[in-house]
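According to TrEMBL, the domain 'Katanin p80 subunit C-terminal' annotation covers 1-121.
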Amino acid sequence: MEKMADNAVTADVLVIITERNEILTLDTCTSLLPILTGLIEIDMDQHLSVSLDLLLKLVRMYGSPIYSTLSAPASVGVDIQAKQMLRYSRCFVELEKAKACLPSLSRGGLVAKTVLELNLAFQEVS
């Protein structure tokens, strides 16, 4: 999906993904966050709304484990969870990018409401 040039198609696919909780895993979160961050930067309310809705869902599902894992002290010895830690780290970077974009999205209506909810969700998990 990341290589798709058509943002409208990407947004349509994201709507379907948002409705299907069973496919929202840490792996899909890792793949979706860069796409969502990219769509947040596009100045189209429909794309923005879809992106923010899915981002909110991902923050509520995975925000706490991502932030708590990265704030935990490093383990000594062989780390058998290195692959998962790498995923958490990538998600953290993308979540921070998305969080940095939120202040500039203070529009009215549904977008503003979702931005407020996202800010609150970020405060809860970080």
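Each residue, glycine too, has its Cβ placed from N, Cα and C.
Assigned with DSSP, the residues of the domain 'Katanin p80 subunit C-terminal' (1-121) fall into helix, strand and coil as follows: 95 helix, 0 strand, 26 coil. When pLDDT is averaged over the domain 'Katanin p80 subunit C-terminal' (1-121), the result is 87.
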